[in-house]
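Enquirer: This is the structure, below, for whatever I ask next.
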Amino acid sequence: MRIPKLTLIIFGLFILIQFLLISKSQIPMSINEAEYYLSAKTLSLKTFFPVPVFYIIPFSIFPNTIYLLRIPQLLAGLFLLSTLWLLMQKIADKNLKEKLIVICLPLILVISPWLQSLILFHLPETLSLIFFCLAMILLKKIIENPDNEKYWILLEIRMLLLAFSSWPGLIVSFIFPIFIFFFFRKISRKYFFLFSLIFYTIIGIHTVKNFNYIRTFALEKTFINQITPKKLAEEINDRQKMDFLASNREFILPNYIRKFIYNKPFLAFEKTFKKTVSFFDLEQFAYPSISYDIISLSGILPKGNLPLGYFWEIPLLFLGLYTFLTEKIKHKSLIILIPLSLLPALFFEKRDLLTSGFLIIPFLFFLEVYGLHQILKISKTLPKKVFKAFSVTLLVLIILTIYEQYKLIYLNKFSYQTSDLYFYKEIARAVKSEKDNFSKIIITDRIGPTNLMTEFYLDLPSENPQGIEFKSIKFPQEDTSGNVLFIGLPGEFTKPGENSNDLPLPSNLTLINEIIAPDELVYHYGKNIWMVTSKQ
């Protein structure tokens, strides 16, 4: 398998353009990215998913600049694009013989919003998708040559790397051998059982070693939290109370009926069924802009979700799916891996589909290849003028949607990123420029882990950096004697309330600078970050 030169040029240009746009727009890093970088710098491998840390270690010897920090992710993105192409070449080789598809597919890959989001902001998921694609390629080779020992060894390595990269990777890799056993019967049973024994032994040791962490994560951040016996019992009690109050406290069902209607197994099944059905009804995939202000009153900012695809990809996918189901296709057995790749998304909230359902991406592109191939067949039956008009219209629509996507990511960051990430970067920049002018700098920790992010951006010591303190600022209790710079929210200097930004500072304080951003991160503490010092 080889990647055509034109495809490599397209991928290389995409990565270069991304680097230039990132450098110009100064997109801040996320907290998770910072944690991985700090673990790599200190060679701390205690993290539950060590593969991203191992990957970053060679890059961590360089200073932390906003430009260099993105290079590991962009390189991983280049490798991901190449791996996806190789996978498409392996499972859709017949369709990739069409010259137009050879040109269109790399373009669709590089402009994919889902892939862009992974490459720019989610290194663990990017690495997981690489290993998943490589595992698919190896599985295809094993189906063709089931007794090749080398392929089984490589598959073992790829699946372990997938398992130790991210939560979706761990879930899918854990169930992957079971799918192989039941759906791919031509493989060598001898190698399969040896592969499974080694794989589950390593995963089992890792699971036992980190059992408390896995248990805490599962109970706090996944759907499992909603079907624990304690949660189910609480909800059943609440339902019975509501029914009793609805009857004006005059009627209560007999005990044996209540046991039949209100029981934990049935409630758990009901919740699981609704969760599965709701995954396909699209009700949480977007937040209407008109409801932003209302939703933000709950304290949860409706941000963080970029589009996962373009509108013109939807008919392409349906056309590809129709072709896939109705025509004789060599690799139809691979369709059983689609529910497996979507399984992790059922454990998490639907708004997290970007980072929980990303393993479905290869299958989406696989269907798009068949959709493109079908369009080519249809286009050959159209008059030339009609085909040209259709092509120009489609091209204009595609260019406009791509422009809107890039404008959203690089020119309108606050539409999808909360202000805290921007504040961390700007606070670190302010500390770097002002640390020689003040004997002490006090930074608020109300907006999140400012200590971790400042340490990350400035390469500071992890404990008690000299002259810098992180805490919740409370005026007028703070000691203002000495040459001290305070960096905090407006409400920490004035008074918490609806108009914290508009209230005057105490007479003994001076505002020397302000970091402006649109979100009120802490209720009633105002927008923006103030840099305040005492009057001497």
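Using the three backbone atoms N, Cα and C, a Cβ is placed for every residue, glycine included.
No curator has checked TrEMBL annotations; they are predicted automatically.
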Enquirer: Which range, 128-144, 332-348, does TrEMBL list as transmembrane segment?
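Expert: Checking TrEMBL against the ranges 128-144, 332-348, the transmembrane segment one is 332-348.
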Enquirer: Is the transmembrane segment (354-373) packed against any residues at least 6 beyond its ends, judged by a Cβ distance under 8 Å, and which are they?
Expert: 84, 87-88, 91-92, 95-96, 98, 100-101, 104-105, 108-109, 112, 114-115, 117-118, 122, 125, 128-129, 132-133, 136, 166-169, 172, 305-306, 308-309, 313, 315-321, 323-324, 329, 334-335, 337-338, 341-342, 344-345, 347-348
Enquirer: Count the Cβ pairs between the transmembrane segment (308-325) and the transmembrane segment (43-61) that lie under 8 angstroms and are 6 or more residues apart in sequence, then report whether there are at least 3.
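Expert: Counting Cβ pairs under 8 Å, fewer than 3, so no.
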Enquirer: Ranking 6-22, 43-61, 332-348 by the number of C-beta pairs under 8 Å to the transmembrane segment (160-184), which range is first?
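Expert: Per the Cβ count, the answer is 332-348.
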Enquirer: Cβ under 8 Å to the transmembrane segment (332-348), counting only same-chain residues 6 or more beyond its ends: which ones?
Expert: 91, 132, 136, 140, 143, 167-168, 171-172, 175-176, 179, 183-184, 221-224, 275-276, 279, 324, 355-357, 359-360, 362-363, 366
